[in-house]
Each structure stands twice: as structure tokens, then as C-alpha cells.
Amino acid sequence: SGTYMKSAITQIERRFDLSSSVVGLIDGSFEMGNLLFLAVVSHFGARLHRPRLIGMGCFLMAIGSALTGLPHFFMRQWILQNGVGQDDQKHILISTILTLDCVKDTGSSMWIYVFLGNALRGIGETPVTPLGISYIDDFAKAENSAFYIACLQTIMLLGPMFGFLLGSMCAKLYVDIGFVNSVTITPQDARWVGAWWLGFFVSSAILVLAGVPFWFLPRSLPIQGEEWNENFNVDQGNKEQSVLPNTHSVKLANISKGFLPSLKRLLCTPAYFLLLCGIVLKFNSFIGLLTFKAKYMEQQFGQSASRTNFLIGVLILPVVAVGIFLGGLLMKRYKLSVVAGAQLSFITSLTAFLLLLFHFSTKCDNVPVAGLTVSYNGTPEISHDEHSLMSQCNQDCACSTSEWDPVCSDSGITYVSPCLAGCTSSTGQGKNMVFHNCSCVSSPSPVEGSRSVFLGQCPRGPGCTRSFTSYMAVSVLSSFINSLGTTPGYMITIRCIKPELKSLALGIQTLVMRTLGGIPAPVYFGALIDSTCLKWGVKGCGHRGACRMYDSNMYRLIFLSLTTCLSGCSYFFIIAVIVLLRKQFRKEEVKALQQTASKQNETELQSPEMCHPD
């Protein structure tokens, strides 16, 4: 359900006519809901019935997902109509509801319900990670814990994979499926809105089913290596208390007294604090990349939302799952220490980071759009001013510069609308409509039909296809290498602090990541992406809507520079963590050797006395 939300970002942006920064705020509402209860659930939940808390969370997530998709049924249909007027023979496209007066549409504020539903889903997700991971780690052998967590994280990636595939399927379907007979635009069009709401109801149903088994899991499991007996849940004695102290008589007042001292101990651990700083920077980069990666692929390489979601789900996520599994297997097979695990995580992450720098060279040039990226005579010229859409060839047509109804000429130049192309007549209907006698279309020879334009933007050249193939190859390879260090990196958090602080450490880590990364990252990434917009859509009352076209070069430089700078800065903290861990474990090894040596000396001193004939 989380990755489906990411895959539907573009559709939500277009359906509600929002900017990227507002859509980023909606996406960040999950983290807002999550952080409200994360620290409390992580601390108190470790002493309560953890599986049932996770089950309750699943049901809350199901309600949140359903609420997210609900606004669709309270909004008017998203109407797209193409036709040629009888009087002036101008092309008309209606992308908003036709009203005689400027009346605010009742659906214009419906995005708030998407915001609230996503926040409720965040509240429901609160107990899953900290309580689930600690539940496994508490009852597993130390050498098996990393392998089990790697298996869990690998299986967890099946959800995102199916989430993106579901997003791909829904993006192909028109938003008002079943109510509209024919649509005159394709999924590649900047105005296309897919059935974004459908996937949220599918996710809701699956979450209900997923929550049921947790209610039948026991409060505690037998520690690995010990046999299960019928009275295990009743008579555990000191064994259970060593893992979950005071679980038989939990008093919230007593637990709450230890919260602040535990938090102080945790944040005063240098390795944990520095690791937290590095993770926050890395998470900012990751969230920004994950939220807008599909949109970047759409805008930079001219791919449809359906295709980008499909490729992420089929190519990138499976290799990430394999990488996480192999990383856990390496830790189990070679019994890597915390220091070795930290080094492995750093090397794989840095290698993946260096590979991602190749993305700067995989690019597609801006689509030639008259008045936006090129002048009407074909000279490259970036313009953010709508007045540049007017030229001598169309100044007598009384065209609206707020429309976005692109048409393509044989010369490869796209025009914002048939009117701005200077067209005076048309033939055909629907997708097959062709406009003729276009005064702005340059023609090398006076051949009949050479001044005609067709519906839709001009397709990108074969060079762009090759660039996209290279982009995907580098993305897949870097994702695999980076995922090899995921499990070793995760185990650092668990092993660098005291066992009794484990659940709190995971909870605080998630809390800080989402507060300083999950919430602000989509917003400021979205705001910077908005700054590269060349043509904004216009709502019914003249307010600014969603962006129709971006400056591809600026989008690429801003988006990639931001992700690489954030990731690059995180490595300074990770290096400091590795140095601290080396010192810490070297001291522990020296202490252990001294204790062993002293025990051997005592044994040697006692052995003659035992053999002395007395």
C-alpha cells in the first residue's frame, strides 16, 4: 500500500490539479501519522502483546487505505472532450467541468481526505517494524537473527513489487472507468489520469486479511534451542523475564518512569547518535528518489506512468530482494562481526553511490515546443513567460495561452494547441483528428499537407530510448549492490546498544528518520521540481493547476544533484561510526583476553594444590 501510494503520485497530482510540493506534503502525511505514536508504541509495545498490536495496526492501515481512495466517489467525473466548433473551426479541449460561472468545484479540496487517509495508514504501520523486528530478534539465536531479518526484509519487498505492478495496471485504466465510452488522449499525455483510487481499495482488502493471523500468535515464543511445552506461556519463570521483564504484571506507570532515562542512555551512545545522523541524510535522499523516481522517468525519458511503475516493480525491486537476502546470508555464513558488517555496508553503499553518478550523463534533450523550449522559427530558447507562446503567425487567432492541448508537426516541433499553431481547419475525429493550414508550422516546400499537425506531443528520438536503457541498467546494478549492505547495516543499530534498549533504538531511529526525512524530503524535492516547470495547467477559475511540462535539463540537474549531495554527506558520519565501533570492540576483545588469561592463571595455581598428597 505504501509503494502503491508512490506509484499513484502523478495521477493524484493531475486529478486534484496540485503542484509537486503539495503532493509531496500528501505523501509525507504517512510519516506524520507514524511519528505521533512511534516512540510510545516502541517503548510500551515491547512489554505488551506485540503480535496483537501489529494486528490492530493492520486493520488501521486498511481503514486508512480505503479512506484515501474514497474521494473518487464524491467528485465529479474527469471529463476530456475533443471537437471542432461549428462557428470558428477551432479545436476545443475541456479538462475541467464546464460551468457557466466561476464556481468552486466541490472536489477541489477533496485531496485533504487523501492526506488524512495516508496519515491514518501511517498510524497503523507504527507497531509493525520495531515490534516485529524485536519479536524475532528476542527469540532467535544471535547468529541466526541477521539471517531471519534478511529473510523478512526480502519477503517484505514482494509488497512493494506488487504495489508498483498494481500501480502500473491502474495507471493504464482511465480514472472514470466504466462511465466513459472513449478517451481521445493516451497514457503518455500530460493530462492523462489513471484509476488511482482502485489500488487503494485492493490494498485495504489485503491489509484486512494480513492482520488476522497476528491475533493467533502467542505473546512469547520459546527461545531457540529450547523445547516447547504446553505450559510455556504460563510457567516460563526467569527465562521470559530475561527477555521481557515484568510482562506478567505490566504497569504503565512503572514503564513510563524508565522511558526518559532509557532515551538519555540511548542518545548518549556516540556510535548510535552518529549512525542516526548518517541515516537521516541517507533517508532524505532515498525518500526523495523513491517519491519522484517514476515522475523523473516520465519527464526525462517520455515514459508513461504505467510503464515506469512496471519497470520499477519488475526490474529494480526483485534484484533488491535478492541483494538483501544475500547480504543476510553472508553475515550468517561468515559470522561477520558488527565492525565487519559496518564495513561491508559502507563499501556496498559507496560503490552504488559512485555508479549513480553515471545518471548525470544519461539524458534526453527537451522536447521542442514552440514558445517554451524553442522559438517559432526552431531556435532553442527556454522561456517561462506565457507571452512567448504568441507570435506573428498566430496573433490574429485570439488564442488562449492557458490551454494545454499539444499537437505535433512533421518537422518534430510540438505546439501548445492547434490555435497557437495557427491552424484554420481540421479533419477526422477523436484521436485521428488532423489540423490543416497551420500558419506557424514551417515548411521547407509548398507540398500539400506539410503544414498539418496531429494530436499529441511529438515522440522522442531513438537516442532517448538508448539513454533510457542505460539509465535502467545502471539503476538495477546500483540497487543490487546497495542492497547487499542493507542487512549488515540494519544489524549495526541492534548490536551497538544494550539489549534492553533494542526496541527503543529501532523505534527512535524510525521516528527520527521519518520526522527529519520522510516528512520534509517529498516537500522540498517537490518544491525544487516545481521550479523547473515551463507550462502550468489552469483550473476552472484561473488558479494554477498541475504542471504540464518541465525543463528536462534543469529537472535532471536539480533532482540528481540533490540526491547525490545528501547521500555523499552521509558517508562522513558512517566513517566515524566504523572508527568508533573498531575502538569499542577492540577494548572488549582486550578485556575478554585479559579475563581468559586470569582464569587460566587461577586454574594453574589451583591444580598443584589439588594434586598435593595430604
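Even glycines carry a Cβ here, placed using N, Cα and C.
No curator has checked TrEMBL annotations; they are predicted automatically.
Residues annotated as domain 'Major facilitator superfamily (MFS) profile' in TrEMBL: 1-586. Marked as transmembrane segment by TrEMBL: 53-74, 146-175, 195-217, 271-290, 310-331, 338-360, 557-581. Among the features that TrEMBL reports, domain 'Kazal-like' is placed at 387-442.
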Q) Which one, 53-74, 271-290, 310-331, 338-360, has the most C-beta pairs under 8 Å toward the transmembrane segment (557-581)? A) 271-290
Q | Positions whose Cβ lies under 8 angstroms from the transmembrane segment (146-175), at least six residues beyond its ends | A | 1-4, 6-8, 10-11, 15, 72, 78, 132-133, 136-137, 140, 183, 187, 192-199, 202-203, 304-307, 309-310, 312-314, 317-318, 320-322, 324-325, 327-329, 331-332, 341, 486-488, 490-491
Q: Between the transmembrane segment (338-360) and the stretches 53-74, 195-217, 271-290, 310-331, work out which stretch tops the count of Cβ pairs under 8 Å.
A: 310-331
Q.
Using Cβ atoms and a strict cutoff of less than 8 Å, what residues sit near the transmembrane segment (310-331) while being 6 or more residues removed from its termini?
A. 7, 146-147, 149-151, 153-154, 157-158, 160-165, 167-168, 293-294, 297, 303, 341, 344, 348, 472, 475-476, 479-488, 491
Q: Take the domain 'Kazal-like' (387-442) and average the pLDDT across it for me.
A: 83
Q: Determine which residues of the chain contact the transmembrane segment (271-290) at the Cβ level, with the cut-off under 8 Å and only residues 6 or more beyond its ends counted.
A: 6, 349, 492-493, 496-497, 505, 508-509, 512-513, 516-518, 520-522, 525, 559, 562-564, 566-567, 569-574, 576-577, 580-581, 584
Q. Counting by DSSP, what is the helix, strand and coil composition of the domain 'Kazal-like' (387-442)?
A. 6 helix, 11 strand, 39 coil
